[in-house]
Amino acid sequence: MSVVGIDLGFQSCYVAVARAGGIETIANEYSDRCTPACVSFGPKNRSVGAAAKSQVISNAKNTVQGFKRFHGRAFSDPFVEAEKSNLAYDIVQLPTGLTGIKVTYMEEERNFTTEQVTAMLLSKLKETAESVLKKPVVDCVVSVPSFYTDAERRSVMDATQIAGLNCLRLMNETTAVALAYGIYKQDLPALEEKPRNVVFVDMGHSAYQVSVCAFNRGKLKVLATAFDTTLGGRKFDEVLVNHFCEEFGKKYKLDIKSKVRALLRLSQECEKLKKLMSANASDLPLSIECFMNDIDVSGTMNRGKFLEMCDDLLARVEPPLRSILDQSKLKKEDIYAVEIVGGATRIPAVKEKISKFFGKELSTTLNADEAVTRGCALQCAILSPAFKVREFSITDVVPYPISLRWNSPAEEGSSDCEVFPKNHAAPFSKVLTFYRKEPFTLEAYYSSPQDLPYPDPAIAQFSVQKVTPQSDGSSSKVKVKVRVNVHGIFSVSSAALVEVHKSEESEEPMETDQNAKEEEKMQVDQEEPHTEEQQPQTPAENKAESEEMETSQAGSKDKKMDQPPQAKKAKVKTSTVDLPIESQLLWQLDREMLGLYTENEGKMIMQDKLEKERNDAKNAVEEYVYEMRDKLSGEYEKFVSEDDRNNFTLKLEDTENWLYEDGEDQPKQVYVDKLAELRTLGQPIKTRFQESEERPKLFEELGKQIQQYMKVISSFKNKEDQYEHLDAADMTKVEKSTNEAMEWMNSKLNLQNKQSLTADPVVKTKEIEAKIKELTNICSPIISKPKPKVEPPKEEPKHAEQNGPVDGQGDNPGTQAAEHGADTAVPSDGDKKLPEMDID
């Protein structure tokens with residue numbers, strides 16, 4: 001079973017796998033561990049990763065990058081509107097209202113969803129992992145920003161499904177970094193001791209995230225998270241791009257922003273310049289040849305000037321740092337270390353700001369680029385039964401408060417309740433109790449829209465179906481389980497109606513109105529921490545809730561506490577009936593569309609595979625043409641007649657011309673046939689060359705064998721001690737075989753020497769190898785027969801007592817046996833104790 005962690009970044013992606021030796025970040029086909037988050041569409045196939053990155057300028061309109069932030073967002077979303085101006089490709093509104101990506105693929109215009117494009121990237125990363133692991137990859141853990149909302153997380157989950165992956169967990173990027181940091185630490189405080197608080201700062205290409213985590217031995221708990229969703233490396237790039245657009249506009253009279261390709265080239269150069277300035281404080285040049293209208297442009301920039309231009313960006317570094325301390329109620333002195341990851345944290349001014357805020361040196365023990373993917377791979381290993389990993393519990397948080405709203409018959413309007421406050425532990429489940437006579441709907445939403453980097457606070461609507469009143473017409477008790485799962489996605493996971501069965505009829509006063517007023521009842525399911533914080537109810541409500549919960553579990557015993565003492569109570573039994581729930585999720589792909597996209601992805605993968613095979617076949621023909629043309633005038637020259645060489649050279653030239661004309665776009669089989677046709681002419685020449693190279697070596701080996709056996713025959717005839725044990729008949733056989741081999745070799749050598757190099761050889765290397773094997777099989781067993789061993793005469797023992805017991809020792813065997821028994825008894829007891837020691 002494969003264990004894979006995927007860091008799905010805005011600009012680049014990383015894949016890590018768990019192996020017996022630990023976690024390893026794997027390289028792609030370009031021997032690069034970083035795969036660009038880029039997909040390019042062509043007339044025949046798609047290019048993904050590094051191959052697509054190389055087409056950003058040449059195929060700008062059909063090369064998609066920076067699509068990560070379109071997940072779960074409508075076309076009318078303000079963020080999408082703001083991004084339009086930065087994109088070289090077109091985005092469109094899909095029939096569902098979501099953002100689509102418009103490209104030309106297979107010679108026709110196509111609109112792809114963000115999920116589909118992300119699935120293409122995931123398929124590539126999956127293929128990379130499979131090529132390294134040599135087995136199928138299905139289970140994985142994928143990283144997402146900690147600020148992703150429910151809709152965005154569901155969208156990424158759909159993308160993993162389209163790519164044929166089983167995502168075991170969507171892991172927050174800062175939590176993955178914390179796991180990669182903590183799981184290897186041997187000096188963490190014990191569970192009963194004060195935890196070690198560590199801040200993790202991740203500034204990538206598009207966003208800035210901060211979290212503070214508490215570590216104990218074998219335990220990680222996220223205390224708080226904060227973020228700036230638009231502050232990242234690309235913002236610093238934009239500062240440089242805008243500066244040089246203005247400078248070159250004045251200096252060279254160029255309107256750079258009107259030309260997409262020019263702007264993309266400038267963006268690439270500015271990114272390189274930014275990285276150089278991180279290591280260099282001096283003036284650095286920026287030069288681009290034939291930039292626009294065949295004009296070469298150049299400019300300079302230094303770190304000091306760059307930082308002045310970035311003052312407003314650098315001012316945004318501190319607020320999230322201050323926010324996590326406020327949320328977690330920690331002081332700067334309580335922070336043990338500050339770990340930084342992400343490409344943009346390499347900017348000296350960013351590091352300086354963070355270090356100055358906390359008043360301590362920053363820690364860089366983690367790989368800034370690969371920490372997230374390593375954490376994801378570790379999480380996948382923890383979740384996978386195939387790996388035994390040190391126990392390490394991870395408690396994440398809910399980034400935004402989540403509330404439920406429902407229609408309240410008692411209040412003749414709507415009621416709401418905050419189910420999961422901000423920074424509530426996750427994953428987590430709670431049970432709410434409602435009293436209803438008919439189906440009802442729960443509306444989930446984020447209750448703090450001002451903190452939400454998303455325009456719509458709605459999450460979903462959940463309709464609880466088939467709710468019926470009790471047999472006496474009173475409201476039924478409905479228990480609804482709500483959950484934030486391991487992916488950070490909220491759901492109403494189940495609903496159950498509690499049926500009351502009475503053993504005898506009796507009229508009892510029903511407190512319908514009171515029950516209606518106490519519709520919302522909540523209890524924590526399974527997990528104990530945060531119970532008091534997570535139930536903001538009055539003591540009276542808590543008491544009513546506990547009594548009500550006990551009623552559902554203990555039956556009639558507690559019912560007496562709720563009813564007036566004068567009313568005689570019937571014997572009551574309860575049972576639960578699961579209720580169906582209909583979900584209406586915000587911007588969620590329906591199952592039918594998901595199935596269609598999965599099928600389309602499979603077809604596109606097959607098309608890419610066929611196109612690759614076609615190109616490989618074409619390249620094989622071209623490669624063969626160049627190889628043979630060079631060798632015909634080189635090492636193969638002596639092995640082909642002049643006429644044949646001229647004819648073959650002409651054929652090769654015709655094939656080369658055909659490749660660039662009529663043969664430029666042919667089916668795979670045409671190239672296969674063309675290569676076979678060329679090889680019928682070229683292979684005999686190649687064979688003659690190879691035979692000529694190998695034949696002398698094999699004849700030399702055969703000659704050495706013959707010489708060796710002749711030497712043995714001579715020694716045998718001279719009756720040397722080494723061979724006197726050999727049988728004369730056998731040696732005659734050896735002599736005969738050796739003489740025959742010598743005659744065969746001399747005959748073939750003479751014939752071959754008379755043969756022209758341009759003709760096929762008289763004797764082939766396979767025949768010589770067979771003759772060597774034949775001679776060895778006959779002669780070697782005979783001459784290597786060992787001499788018979790001569791055993792020395794046995795000597796009489798001088799002392800009989802050394803060979804056994806003597807007179808008077810008749811009882812010794814018993815004694816020895818007893819001693820032996822005593823000796824063996826001790827290990828026996830030890831053996832019995834061994835398992836206990838192992839268990840301890």
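Backbone N, Cα and C define each Cβ position, glycine as well.
Here the structure is a predicted model, which means the values were calculated and not measured.
Here is what Swiss-Prot says about this protein:
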type	residues	note
COMPBIAS	514-533	compositional bias 'Basic and acidic residues'
COMPBIAS	788-801	compositional bias 'Basic and acidic residues'
COMPBIAS	829-840	compositional bias 'Basic and acidic residues'
MOD_RES	K53	N6-acetyllysine
MOD_RES	S76	phosphoserine
MOD_RES	Y89	phosphotyrosine
MOD_RES	Y336	phosphotyrosine
MOD_RES	S393	phosphoserine
MOD_RES	S415	phosphoserine
MOD_RES	K430	N6-acetyllysine
MOD_RES	T538	phosphothreonine
MOD_RES	S546	phosphoserine
MOD_RES	Y660	phosphotyrosine
MOD_RES	S756	phosphoserine
MOD_RES	K773	N6-methyllysine
REGION	500-575	region 'Disordered'
REGION	781-840	region 'Disordered'
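Listed in sequence order, R196, N197, V198 are the same-chain residues six or more apart from Y336 (phosphotyrosine) with CB atoms under 8 A from its CB.
Reported as a whole number, the C-alpha separation between K773 (N6-methyllysine) and S756 (phosphoserine) equals 28 Å. With the fewest other Cβ atoms inside 10 Å of its Cβ, the least crowded of the modified residues K53, K430, K773 in this structure is K773.
Classification of S76 (phosphoserine) by DSSP places it in coil, neither helical nor stranded. Between the modified residues S76, S393, S415, S756, S415 has the most other Cβ atoms inside 10 Å of its own Cβ, all protein chains included.
When secondary structure is read from DSSP and collapsed to three states, Y89 (phosphotyrosine) falls in the coil class. For Y660 (phosphotyrosine), the nearest of the modified residues by C-alpha distance turns out to be K53; the candidates were K53, S76, Y89, S415, K430.
The Cβ of Y89 (phosphotyrosine) lies under 8 Å from the Cβ of A60, K61, N62, T63, V64, I101, K102, V103, each on the same chain and at least six residues away in sequence.
In space, S76 is the closest of the modified residues S76, S393, S415, K430, S756 to K53 (N6-acetyllysine), judged by Cα positions. DSSP classifies K773 (N6-methyllysine) as helix under the three-state reduction. The closest partner of S756 (phosphoserine) among the modified residues, by CA position, is S393; the full candidate set was S76, S393, S415, K430. Of the recorded residues, S393 (phosphoserine) and K430 (N6-acetyllysine) place their C-alpha atoms 20 Å from one another.
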